[in-house]
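Asks: I'd like to ask you about the structure that follows.
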């Protein structure tokens, strides 16, 4: 009953095991993450019988240096599962494994390190009740440097603006990451008294602009803008500042990378330094050049700051020495005083409104009488429902004194190097020489770009030696020095292509009468972009190497002497670009690949701009094969400037030449039911240590099939078409030669065919990994034959006289047989007259079958090859008796087959019904020799028989008395 219960349990349980189909999934890699960032990998499983029970998970990790050696990290079931190097980080909370459901977990590293790069394996713990499924999955993690750079374009940390005034801020954001990344950019404002900063406007990774909460209306009115200028500049424009805009403003850049699952992941985030913005209520300001040469243009710019400036009206007037010159009404109508009406008519005086808060008055040509103190006055205008305006109180700007100098001076100015071509990142140096001056000198350096029609001041040097930079250049390294009394030197570091244009040196001399005389000279400067000056060429003498050899790559960089970062990268067959090493301009080196596989070297060539960077691949393996590139970026103006990469260079790692050669017997012929050995011998092998995979294939007319295979670790596996009964009689062994012996025991006819021995050779690369080298085949034609039909039966013709009281025997003696495995079916016949009838059959399976004839018999099988049938004598038993033998042999897959049929000699029996013989016959003892492959003996079987002729074999005849 217990055994019966076990069988029932197995019938019920085993199908449930086979139906289980577990599937475990992990976030696909490679996942690129930066040093110091957070790594998060999701892992889930499905297909367990109980979906609601908590599943246990384990995480492992293998470094690039040892890709097959996985280390325990963390497990949900065992707190001590991890290695010591991970346990300390787990206890500190840096590494965690968190359940997010019964069937899923999240693996996290809060602060990634360089040594965390590698292949991660998530394994769902396999219970004993589940037999099949996917329980372990892997994902590759690449840890790269954080090269995101974010800097403010403003040198000042605090700014003051009037209400309604425009604010323009710039930030530079760039990255040196060679993978395909996107940057998002956000301007933040932390208002006074608020703990959290709120976004003003953002540009996401998909280049979509979104205003922050509370700034939507101003964005729709285009009062707030975010523009990307060039590769790295992001400009914020707020045309109408409000009092509520006061606070700390800063920019933030985020670096995003697209994972293989097509989702975007933020790998880095950095903030620029904060700028404190102070906004004030309605204010009027006036700006103008303090010194203007007679005949030039005098520009008086008036700015108004107020809340809701776009919806308000103002009247603006310019006053000179307290006297109104011109007024612009709220609708733009000009009113000019009589003294300047002629100049206004001749176009020498023009007043315009350039923006809601900007008003300009231009006087050209300016006269010496125009020198003096100027004020801008503004009146708010309230408009009623009828369209009439009501003027409010006036607000004056601070006075601005303008000096107009005459040309009554011997001052002359000469510019050295009036045509300069320099490279981006270099220093611009201009020298201005003055002659013929008597009074104190001041100098102003101005610039006019290619796209601008007007000059803008860069820096001033007063007669007292005080320098003052323009606000637009507050963040630049700009200097003006007076090396000699007559020499002024202008210097600006790290110039950019946008600095190209015309530079003016304007020298002003203060004369004894208080007037100022100015002269200027210009120089044309062209700044070449760095990417047009840098050339990167990659070459190699040996980009096709054999496994174990070194490969040498040379990256020639031709460039001006600027801070430069060089990155070596390789692109494998998976099309991912992987960083090998980064060489920074400060001399530091950051490895991302297996440092032990590579060497780097840098050589600067004298008297040239060339720098040769070398990358040596040590003892190359197939893992180092791929397409290599060197990439250069320069860091200018706090921005990474990527240079087009070098040409691609494919490094091929070739296998050594294989010397593998095989030999086997071309033909083997052997009988059925014998043991057969087919030997596949390696006659020549590659000198390096090899491992072999062997595959035996049988080719027949019905089709081809794999008999068995032995992998390079000697693990033998039978082909799917090989039946279990065949697997028990087929085996393979390896010998030291080396040779591979395929043994087939008890050969069958179905075993014949063409046997193909395929040997696959593997070598070990310098990293310990085995790789395919070559394969060779050799064939043997196996012919399995049946044994010859050698069935032989004693065929002597005999005659015997018996009385009714006697029994007689009908011997059936097999003297020779075809095979040791043969079995026999024997049938005895009685022929009386012309018809022979079977009287008894002994089948090969020991089944006995008497005939329906009325005859009494007794069957005997005393020895192998000897069968005997005794007949009880009856008056009717006279006649001819003989036996017929069928030889049967088993062969797969045909089963038992009849090989031969043989008939014995006749035995003639005479029965004396009276019990007496009419004449005494002669008798002799006949010895029959039985020869059998199964026996190694000779039997002498005596027969008392009557001789057919008169000769006798006995010395003495013994008469037999009849039965009374």
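Cβ coordinates are placed from backbone N, Cα and C, and glycine is handled just like the others.
All annotation found in TrEMBL is predicted automatically rather than curated by experts.
Okay, so TrEMBL annotates it like this:
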DOMAIN    15-124  domain 'Ig-like'
DOMAIN    127-254  domain 'Ig-like'
DOMAIN    273-378  domain 'Ig-like'
DOMAIN    399-526  domain 'Ig-like'
DOMAIN    531-633  domain 'Ig-like'
DOMAIN    656-785  domain 'Ig-like'
DOMAIN    787-908  domain 'Ig-like'
SIGNAL    1-24  signal peptide
Asks: Going by DSSP, how much of the domain 'Ig-like' (273-378) is helix, how much is strand and how much is coil, in residues?
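Replies: Helix, strand and coil residues of the domain 'Ig-like' (273-378) number 14 helix, 57 strand, 35 coil.
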Asks: Is the count of Cβ pairs under 8 Å between the domain 'Ig-like' (15-124) and the domain 'Ig-like' (787-908), pairs 6 or more apart in sequence, 3 or more?
Replies: no
Asks: Is the domain 'Ig-like' (127-254) close to the domain 'Ig-like' (399-526), in the sense of at least 3 CB pairs under 8 angstroms with a sequence gap of 6 or more?
Replies: yes
Asks: Roughly where does the domain 'Ig-like' (15-124) sit in mean pLDDT, to the nearest integer?
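Replies: Its mean pLDDT is 89.
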Asks: For the domain 'Ig-like' (656-785), DSSP counts of helix, strand and coil?
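Replies: Secondary-structure composition of the domain 'Ig-like' (656-785): 7 helix, 79 strand, 44 coil.
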Asks: Counting each residue once, how many in the domain 'Ig-like' (531-633) are helix, strand and coil under DSSP?
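Replies: Taking each residue of the domain 'Ig-like' (531-633) in turn, the totals are 8 helix, 58 strand, 37 coil.
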Asks: Please list the DSSP helix, strand and coil residue counts for the domain 'Ig-like' (127-254).
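Replies: Secondary-structure breakdown of the domain 'Ig-like' (127-254): 8 helix, 67 strand, 53 coil.
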Asks: Run through the domain 'Ig-like' (399-526) and tell me, per DSSP, how many residues are helix, strand and coil.
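Replies: For the domain 'Ig-like' (399-526), the helix, strand and coil counts are 6 helix, 74 strand, 48 coil.
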